[in-house]
């Protein structure tokens, strides 16, 4: 309606008939599940081709592929293979499974990801944190030392559940669930995990034969000193030499980023030199343990090895879902980070589908959980990878390794693998990032520390749940105490801003302008009402500004429930009894529809709704002038 004052005609506020339930549900579902509007291009010609390119990304980039790109991808693929071999063997050791499975896991999954993944730079492989989490979870039920065959079968089954879980999330487009693992949680979790993994490597560094299966700091340190009679100085000396070498190459890379390849090939050099040393010096006879026999051949099928026995189903489900959730968060975050550096977008839901499929196929072909590790992806990016073809090149190189070279790695000393793992873990202890979080947001720092200390001193799953729980508590606090502020007029302008933030802004005599910047729910409506009245009392008692008009800016309120509508009705009634008129400014479509359906608009009057603060203020001034004239 038009509201006219002396010399002013205000814009018309829309009181259109509320949309149907089907229309609003469709709109809300689209924003929740399809924020990227994936079907926007299907209306063009050749919709089948568009659909194929959307759901199977390799059909999008492969037709445009050229030989000029191939040379970069081949170089990157060979480079990450040199990292994948030692990492595959090392992380398989963390998961308490045969080293050959770690090599298998760098052959099949990268091929699947190259077909379905949306990132051009993500390099697929095994990761330390998920490896330890799987070992810790399944180890509670079955130990590898007690029944190695059953243990491996349970790991493969957990990988299948990981893939199914990730695939379902992707198909249902529930990528928003991954966002519940905040940045602070990931930093704390990865740092805590890195500390635990590093301490566990003392077993290999000291040549211990017995060790604890627990993953907390106290248990690990206790085990190190409990079996001190097994310490071997030969193993410790070789381990320190390898560790110093690997740390030196990392130092070289930091000093000169162009020499990234020095750090990238150093794990492979460590494995090769370590293997030659162990072979010619007969190191296994001097207390330096070696990997042992690695058979040649490609991945054998493992469908028949999957174990769905009801006795073990709970533990494999738990291991699969927890490690899968962690792998999703890590892989998607890393893919997005490197995509931002090249100014392109990755699709979180496509990534979940790709991760799910590669883990499902992997569980059928003797692979365990894979995702996009940071170290390998960083090497792939720095090596100049242009497309996901680098994953295909890596898989082909790994195929050749499995067919012809696998037995050569049988003499790899375990102490060399421990040195490789420790070096990688040192890079995951992000103390600088934790300090930055501490400076910026103390609550986020508490979330980070909950994950760090929970993982370090309790267990990985408990630490993760503690941190995620704190993050949910914080989200609830945001809901219960929404963003609301008192606005004032910025000097010499028509702009209204938060008085607390802009101290030179002034209040308008006789008016109180309040801006609410979040949804109004049952959990926060009482707080909003109390806060409004506190501002009114402060203005009246301390500043002598008798409030006659309350201007409520709802432009930032995305939705409102029945409790919120009831609160506004109660606020209007109590204001009326105090001779204060309430005006509503710029309600969004969903809020306005609920106000119309609940008849709130009729009770407050359409002349109390305005499109802007300026119009509401002018109308209030006109009303106060009329009262003075009367």
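Cβ coordinates come from backbone N, Cα and C, glycine included.
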Check your understanding: Do you know which of 383-405, 452-474, 475-497, 498-520 TrEMBL annotates as transmembrane segment?
Key -> 383-405
Exercise for review: Determine which residues of the chain contact the transmembrane segment (235-253) at the Cβ level, with the cut-off under 8 Å and only residues 6 or more beyond its ends counted.
Suggested key: 204-207, 259-260, 262-263, 266-267, 270, 274, 277, 283, 287-289, 413, 415-416, 418-420, 422-423, 426-427
Exercise for review: Take the transmembrane segment (180-199) and find every residue of the same chain, 6 or more past its ends, with a Cβ under 8 Å from one of its Cβ atoms.
Suggested key: 94, 128-129, 132, 215-217, 220-221, 224, 325-326, 329-330, 333, 421-422, 425-426, 428-431, 433-434, 437, 444-445, 447-456, 460, 463-464, 467-468, 471-472
Review point. Does the transmembrane segment (411-431) make contact with the transmembrane segment (319-340) through 3 or more Cβ pairs under 8 Å, each pair 6 or more apart in sequence?
Key: no
Study note, to complete from the structure: The answer for the transmembrane segment (319-340), taking Cβ pairs under 8 Å and residues 6+ beyond its ends, is 117-122, 127, 129-130, 133-134, 137-138, 154-155, 157-166, 169, 175, 178, 181, 183, 186, 189-190, 346, 348, 351-352, 355, 359, 369-374, 377-378, 381, 461, 464
Practice item. For the transmembrane segment (112-138), could you work out the same-chain residues 6 or more beyond its ends whose Cβ comes under 8 Å from its Cβ atoms? Key: 56-58, 61, 80, 84, 87-88, 91-92, 94-96, 102, 105-106, 151, 154-155, 158, 189-190, 193-194, 196-197, 200, 213-215, 315-316, 318-319, 322-323, 326-327, 330-331, 334-335, 338-339, 342, 344, 346-347, 350-351, 353-355, 357-358, 361-362, 368-373, 376-377, 379-381, 385-392, 394-395, 421, 424-425, 428, 459-461
Check your understanding: What stretch, picked from 150-174, 259-280, 352-371, 383-405, has the most CB pairs under 8 A with the transmembrane segment (74-92)?
Key -> 383-405
Study note, to complete from the structure: The answer for the transmembrane segment (383-405), taking Cβ pairs under 8 Å and residues 6+ beyond its ends, is 57-58, 61, 65, 69-70, 72-81, 84-85, 103-104, 106-108, 110-111, 113-114, 117, 119-124, 260-261, 264, 296-299
Check your understanding: Could you give the number of helix, strand and coil residues in the domain 'STAS' (501-620) as assigned by DSSP?
Key -> 58 helix, 21 strand, 41 coil
